[in-house]
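Colleague: Could you have a look at this structure, given as C-alpha cells, before my questions?
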Amino acid sequence: MFSLLYGLWKYLFSKAEFHVLILGIDKAGKTTLLEKLKTLYSDVEGLPPDRIVPTVGLNIGRVEAHKSKLIFWDLGGQLGLRTIWEKYYEEAHAVVYVVDSASKTRFEDTKSALEKVLRHPDLQGAPILVFANKQDLPGAVNAEELSRYLELKDQKSIQSRVQGISAHEGSGIQEGVLWLVEAMKNNKRTEQLQRQAEAAVTL
Ligand SMILES: Nc1nc2c(ncn2[C@@H]2O[C@H](COP(=O)(O)OP(=O)(O)O)[C@@H](O)[C@H]2O)c(=O)[nH]1
Ligand SMILES: [Mg+2]
C-alpha cells in the first residue's frame, strides 16, 4: 500500500527531469555557459570565466529551472573528442548547440559539426537550441544572421530555435532555456525516453 501511495505521490509531485547535451566546437563557450547556468539557476556559484580550463572529459551541471530538473552534460569539443558525443545521444532529451558568433572563420566547421549531430539516428526528434554566443563582442553576428547561415528553418522536422546570448554576461540564456523546457515537455522523444525508463524500472 505504501509503495502504491508513494508511487502516486511521486507521479503527482516529482518534477520532470531532462538530460540536455551541450555541444559545439572547442572554444565556443560551452563550459562558460554551463558555469553561468549554475549561477543563474542553483545555489552553487559557477566558476568565473578566468578559472575555466579546456574541457577534456565531461562536466555536469544539475539545476532546477522553470519547474523542471535539468541535467546538463558539457562535453569536450576538440575534433578528437567529438566521437565521444555519440555515446550520450541516446539518453538526451535535447541539445544546446553553442556557437562563437564572433569567430566567422570557424562557422563552416561549426555548421558541419551541427549537421552531423542533426543527422544522427540516436538524436531523432530532439529539440535543438542554438546559442549564438559572445554577443558582447563587437564583431558578433546576431541570432537572425546565424540562423540563416545554419539553414535550420529549412529542416521542418526539427524543432529548433536560435537565441543570441552572452555566456559571460548571462544575457539571453533564460529566454532560451524556457523555450527548451517547453519544447521538451511537448515532445514525442520525451515520451519515448520516459517509457524506456519505466520499462527499465519494472524489469
Ligand atoms: N567575450 C566573450 N567570451 C566568451 C563568452 N563565452 C565564452 N567566452 C570565452 O571563450 C573562450 C572559450 O570558452 P570555453 O567555455 O572554455 O569554451 P568551450 O571549449 O566551448 O567549453 C574562453 O576564453 C571564454 O572566456 C562570451 O559570452 N563572451
Ligand atoms: Mg569546455
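Glycine too: its Cβ is placed from the backbone N, Cα and C atoms.
All annotation found in TrEMBL is predicted automatically rather than curated by experts.
Quick paste of what TrEMBL says about this protein:
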- GLY24, ILE25, ASP26, LYS27, ALA28, GLY29, LYS30, THR31, GLY77, ASN133, LYS134, GLN135, ASP136: GTP binding site (BINDING)
- THR31, THR55: Mg(2+) binding site (BINDING)
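Distances, neighbours, how buried they are, the whole picture for these features please.
Modeller: In this structure, LYS134 (GTP binding site) belongs to neither helix nor strand by DSSP; it is coil.
Counting every protein chain shown, 18 other Cβ atoms lie within 10 Å of the Cβ of THR55 (Mg(2+) binding site). In the three-state DSSP scheme, THR55 (Mg(2+) binding site) is classed as coil.
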Colleague: How far is it from LYS134 (GTP binding site) to THR31 (Mg(2+) binding site), counting Cα to Cα, in Å?
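Modeller: One finds 13 Å between the Cα atoms of these residues.
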Colleague: My understanding is the cutoff is Cβ-Cβ under 8 Å with a sequence separation of 6 or more in the same chain; which residues meet that for ASP136 (GTP binding site)?
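Modeller: Listed in sequence order: SER166, HIS168, GLU169, SER171.
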Colleague: Please give me the CB contact count at 10 A for ASP26 (GTP binding site), counting all chains in the structure.
Modeller: 16
